[in-house]
């Protein structure tokens, strides 16, 4: 199958800006059906620009989802049918189009659409429940009305999020259409400057990625030259590449966030009298660049997708009664949602392992009087930070190796070249830290006597 060219895909997020300007000046506060039609038409145009006639995949799934909502109503059956159908369609797309390389094809925006449609079904189901039986979060997203086909299409094809996200709810989208997402009631949102700030930041990352991408590539990881380099060089290259490879995602999300802010979709109420425009933020850039912890990077990266998984998968698995099991199943879902390559499973398995170990280590330092005292020495803080950042990005690169190389023969070769350092390091800590904790953290009775 012929793959879609790369250039249109990277130009497409920028098309959202003229679309957003047109919407602001000619459609804000206009009839809802006109806005839905505009969003549908522009989204379909972007789909055709990138994937040609393959846009029928998204169109078919949207129509089927509308029929499920209408024919099955607010039932568990509708939710399960939606989940199975939409995930099966996405996974079938991965199966029939997958290669061993990073390809731009119709499945890329379709994975975003899949989450939107599953979330839509769950929110519609919640809308039929007694409001008192729902959590405050579920009440916020529950859909009380019955969406029309045009509303579902406009929500799905919204040009500011069709290709790479972010995720947002049908209720939030309808607030946009109804003109509620503005910091100046009755007027166009005063969001041009916040939008340009995110666009500018995205372009800075784009320049950085463009300059470095010819010199730092994942392809080099599987070369004989990389394998023959000294061990320290292999680790340092993996560390630098692991940080840099994420910049392409950061670029796309910042650019699309600017589009969402420009339309008003990014409006997130007020804080201390000042409008917040972070409702569609997929990146916390400062946290991403400065955090020395894996959990910090997770909290700063692909925020809306992580929030979606937390809301519709992790919290819905509460009945299992095991937080770590729910987290593991959520990460398994994320791995399958990304694709069928073994590298995705390995990457998210590493994330699960690293997060558990990091929490154990943080708890040990916090509860051990000796380690807590040592960690609080001010003059050593820069040294601690440097060590943490080195460990952080080395093993982030280690995890991303499997994610970006996809197939087992490639990532296995690289892991062998660094002696499975990430697995050895964190599996060892997983078993050792509980014993260290037992030895270094006194029991409560001892602590009381010490006091």
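Every residue gets a Cβ built from N, Cα and C, even glycine.
Since this is a predicted model, take the numbers as computed values, not measurements.
As stated in TrEMBL, the feature transmembrane segment covers range 79-97 out of the listed 79-97, 98-116. Looking at 202-223, 224-245, 246-267, the range tied to transmembrane segment in TrEMBL is 246-267. Within the same chain, the transmembrane segment (79-97) packs against the transmembrane segment (331-357): three or more Cβ pairs sit under 8 Å, each pair at least 6 residues apart. Counting same-chain residues at least six beyond the ends of the transmembrane segment (246-267), those with a Cβ under 8 angstroms from any Cβ of the stretch are 10, 13-14, 16-17, 19-21, 23-24, 28, 158-161, 163-166, 168, 172-173, 176, 181-183, 188-189, 191-192, 194-199, 201-203, 205-206, 208-209, 212, 275-283, 285, 288, 301-302, 400.
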